[in-house]
Amino acid sequence: MPSPRKTKSPARARSRQRSKSASRKSKSRSRSRNRSTPTKNESSNSTSVTTVRQVSTRVSRSTTAAFQEKASVTPVRQPSLTTSRVEQVEEKITTHLKPKMSDKEKESPKTKTKEFGGPIGTLLLIFLLPLTLYYVNLACRKGKCNILEVPKLTGSLLQFVDMEATFIYLGWFLFQAVLAVVPVGKVVEGQPLKNGQRLKYRLNGFHALLFTLLCLGLAVYFKVPLTVIHTKFFKLLTTAVVFSFTLSIFLYIKSRFTPSSMLAEPGNTGNIIYDFFMGHELNPRMGPLDLKFFCELRPGLIGWAILNIVFLLKAYQETGVFPPALTMVVFFQFVYVADALVYEDAILTTMDIIHDGFGFMLAFGDLAWVPFLYCLQPRYLLETRYDLPWYCLAPIAVLNIIGYCIFRMSNLQKNEFRKDPSNPAHAHLETIPTPSGKRLLVSGWWGLCRKPNYLGDIIMAVSWSLPCGFNHILPYFYPIYFFILLVHRERRDAELCRRKYGACWDRYCERVQYRIIPYVY
């Protein structure tokens, strides 16, 4: 038998083989950690592991080759300390600026839709409106009124400029501004803005009218020469035009520093001329004074009534009597002005306040166009001394009353419904619901046509011109212009409502088919 020291048992031999194999595997693993290629001493039972390592090696080699190829084209340069800091600063600036820019764009996107013929059309209007105002008034002079004859200017242009007239107009504007901020009358909130804010407005317009009449009465009592306003009519008109341009320029410059959430959508196109005309800022304010709300009803509208009263005083001074036709027109127009100030809160829901910006269009219209053009009929009756007998004036008065009733009752119905749609007094009114929660009236006055208040306005405008007779077309310039204005305004409002209410507005138009005049238009 072989010696026990020389001879090994099969079990012991297999155990030693397993230990040697395990030792080789551990060494192989340690070598594989230090290099990416497999060794030749790996055993055959590790084939799957070897395959995975080979694939990994190929990927690593291909990545390395690609990197080396890219590096050969664009050599990598280690950034210096200064370059690194500059890049960090640029990254911080970009990080801070990008969100702010996107927020601004989100709050106030540029408006693409343009009205009034766009920049070219508005540029023409900026010059044509003042020229029209001068032309119409120059066509009506003492003893001669003919709009078809081009008025001839005699003398220097200085006849339209006067320091006294300038002080009178500026004093009038400041006087009404002071009355507007006097803490008298209730304070109400306007419609919510884009940022959810509700601006507050003091409603003391009727108080301002009464106080102005009191001052006017005292001036008459103490024999202040008020008829100088008639004498300096064209000089006051020039001051109003220049002041309107100056105010519009100031408003546009101010709007450039206004937060984007306070800009008006129609006047936010990026075109200077168009935005200047339409108004860039929605609600410009100076302290407690809201400039747009103030100009809409105070200096121009009350100024219109005061001009009419001065014309009536001038007629009395010349003839010793108050002419019936002139007196009736002055009274009707005064009631119209007083109505606007009694229901002053109604303007807070109009397109002028909630949609249009305060630019040249509204500034010129409020401060120059309204007072110096709307007084055309009384001025015509004064200059021509035209009059009508009472039996002709009586049916005209009835027509004016009908127009006023339509105007006031339809506006009251709309305003009361807006304030409290759930009021039982409105239970009989039919409406169309909209996704925004608002309801569109389709019965009552607002079931006859979409703008019954415009119908009343037009009827009153005609009744103010009829006492002037039919010898000249000039007194009818106002109702013709006003009809065109309201037709265009209704179209603008309809387009806004179509964008706002969508299919609900189409249903409304199917239900209420006529725009302003039932069964006609």
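Every residue gets a Cβ built from N, Cα and C, even glycine.
Given the ranges 236-253, 452-469, the record in TrEMBL names 236-253 as transmembrane segment. Sequence-distant contacts of the transmembrane segment (295-316) (same chain, at least 6 residues past either end, Cβ-Cβ under 8 Å): 172-173, 176-177, 179-180, 205, 208-209, 212, 216, 220, 226-227, 229-230, 322-323, 326-327, 329-330, 333-334, 337-338, 340-341, 344, 347, 352-353, 358, 362-363, 365-372, 374-375, 378-379, 381-382, 385.
Ranking 166-185, 206-224, 236-253, 354-376, 388-407 by CB pairs under 8 A with the transmembrane segment (116-136) puts 354-376 at the top. For the transmembrane segment (354-376), the list of distant contacts is 125-126, 129-130, 133, 136-137, 140, 173, 190-191, 233, 236-237, 240-241, 243-245, 247-248, 251-252, 255, 263-268, 275-284, 291-292, 295-296, 299-301, 303-304, 307-308, 311, 333, 348, 474-475, 477-478, 496: same-chain residues at least six beyond its ends, Cβ to Cβ under 8 Å.
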